[in-house]
Amino acid sequence: MEPSLLMWRFFVFIVVPGCVTEACHDDPPSLRNAMFKVFRYEVGTMINCDCKTGFRRVSAVMRCVGDSSHSAWENRCFCNSTSPAKNQVKQVTPAPEEHREKKHTDAQNQTQPPEEADLPGHCEEPPPWEHEREPLKRVYHFTLGQTVHYQCAQGFRALQTSPAESTCMMINGELRWTRPRLKCIREGEHGQASDDAEPQESTEAPPGSGTFLPTRMAGTTNFQKPTDEIATLDTFIFTTEYQIAVAGCTLLLASILLLSCLTWQRKWKKNRRTI
């Protein structure tokens, strides 16, 4: 085998798998009169670093990284003002004590590690960052193995008492969310619980439908009241950087295949001339 072909195949083996991510491209199932929570995030989960109008993000996304022994959020989100005037520091000489305190605070902010999870291998809900666009409407990119927990919206109750959850799994070669078994009826109504009750698809937008409740209580099954802070999960939208990365990986793979074909063709012609 020619050295060039061997090098390209080694390059494909090393680089191309890194371009493939086990991301759940669809949102978790939406149930009528129900909402879901996420207690902890799988390693690989990403959050869009969205900023308010007049500010731009430093990093495109914040990612949960780590392994079974340690996990944390990488690339914390920061928003810088797009106005030069706001970025200018006023030329005011601070008092010595204020200067030392400010210097210590700045150094601490720069060296402070990302938020760590209580449970290794997972990350908790990160705190809001300064100038975040809408903390209650963050855009999450879930990964394989992520589980979300469902509960009925305020004013509704579940017919069954068993936990209702959905997990992103590999099903028939595709990443899909499992169907949660939950049926919610209005409080005061009488209904018969059934283990075979199928989840109802949401055909309208009733109160609490399709909402997202982040929580920092990892590993617990006690739901907060629906009146707590909630966040609507926006439609999954790839960031521009992610689209560019996917396009680059596709172009790279096509180029490698083309070069491999050309190398094989040249080798074949060379062998034919020798014969």
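From the backbone N, Cα and C atoms, a Cβ is placed for every residue, glycine too.
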Under Swiss-Prot's annotation, the disulfide partner of CYS77 is which of CYS49, CYS51, CYS64? CYS49
Check for me: which candidate out of CYS19, CYS79, CYS123 does Swiss-Prot give as the disulfide partner of CYS51? CYS79
When you rank CYS24, CYS49, CYS77, CYS79 by Cα distance to CYS168 (disulfide bond), which of the disulfide-bonded residues ends up on top as the closest? CYS24
What disulfide-bonded residues among CYS49, CYS51, CYS64, CYS184 are found with a C-alpha within 10 angstroms of that of CYS123 (disulfide bond)? CYS64
For the topological domain 'Cytoplasmic' (263-275), give the DSSP counts of helix residues, strand residues and coil residues. 12 helix, 0 strand, 1 coil
Which whole-number value in Å describes the distance between the Cα atoms of CYS152 (disulfide bond) and CYS64 (disulfide bond)? 29
